[in-house]
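For reference, the structure discussed in these notes is given below.
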Amino acid sequence: MGIDFLFILKALIIAIVEGLTEFVPVSSTGHMILVGDLIHFNTQSGGFPEMYEVVIQLGAILAVVVLYWRKISSSVVEFLSYIFSFIGLKTSGDKRKYEKRLAESETGFRFGINVIIGTIPAAILGLLFHDEIKEYLFSTKTVAIGFIVGGILLIVIENNFRKRAKRSKIVKDIDKMTYGQSLLVGCFQCLSLWPGMSRSASTIMGGWISGLSTTVATEFTFFLAIPAMVGASGLDLFKFDYSQMNATNWISLILGFIVAFIVSLVVIDKFINYLKKKPMRVFAIYRVFAGIVLAILIFTKVIS
């Protein structure tokens, strides 16, 4: 069987969509479902389109790792150093040495704990209801509703946040986050299990409500994406039957991963710079408009 170049082109379009939307509050999964339906990418049997979307999401996550490598690597080192120093403090006679190491590595340890806490709620919910979420929530209808609901929530919560920020203290340093704030953000991340809601929108809204600045909430969203998406992707990749893969599938997979990675690199940098100057309202308005248009297309049976 020859290589299907049209299918590869469709796959690359989906990868570009993923890279453009993964880290902005518009729902990458919702857009991939919508665009995939429009270009008939989702019609291939055997579950390849779903597995492909999982792989290109990992490409997007790699972009976060590359851009924030210094913070990630130093935090991992400090996290492990804190654990070993704590053990040493309890078992060794040289307490002064280990107390010093504990103090030096406390920032990285707290950051690591915050990421773990923020990951737990969605991880539990995703594991418990993985099959039900895939079966009942992955459709254009639920995406349309998610677009609109998420857009309205973004407008309401951001307006409330900006009023509150004028009269109360806002956390502007990611290392100053409390465990309670990370838990609240993690609970909001559960909303992202609904395609169309957007993981970044959900966690940023949680950050606003918990008292984080927009930049801190967004950066914490990036870090939460690593364990959340690697875990979810690992489960899907483990269940996939690779015996059905052909040359077209493998080429699509490799190129899609690379394209999603490159596009995400650009988008993350631009998005952070945008947020330092302007509000999220434009994304919220786009979501509501896109949701209404999608609902009309579904109602008129232009798409299913």
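Numbering starts at 1 and runs along the chain as it is shown here.
Glycine too: its Cβ is placed from the backbone N, Cα and C atoms.
Noted in Swiss-Prot for the protein shown:
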- 5-25: transmembrane segment (TRANSMEM)
- 47-67: transmembrane segment (TRANSMEM)
- 72-92: transmembrane segment (TRANSMEM)
- 111-131: transmembrane segment (TRANSMEM)
- 137-157: transmembrane segment (TRANSMEM)
- 209-231: transmembrane segment (TRANSMEM)
- 248-268: transmembrane segment (TRANSMEM)
- 283-303: transmembrane segment (TRANSMEM)
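The transmembrane segment (72-92) shares more Cβ pairs under 8 Å with 111-131 than with any other stretch in the list 5-25, 111-131, 137-157, 248-268, 283-303.
The list of residues near the transmembrane segment (248-268) in space but at least 6 beyond its ends in sequence, with Cβ under 8 angstroms from a Cβ of it, reads 3-4, 7-8, 11-12, 14-16, 18-20, 22-24, 48, 52, 55-60, 62-64, 66-67, 222. By the Cβ criterion (distance under 8 Å, sequence gap of 6 or more), the transmembrane segment (47-67) is not counted as touching the transmembrane segment (111-131), fewer than 3 such pairs being found.
If you count C-beta pairs under 8 angstroms between the transmembrane segment (283-303) and each of 5-25, 111-131, 137-157, 209-231, the highest count goes to 137-157.
The transmembrane segment (111-131) shares more Cβ pairs under 8 Å with 209-231 than with any other stretch in the list 5-25, 137-157, 209-231.
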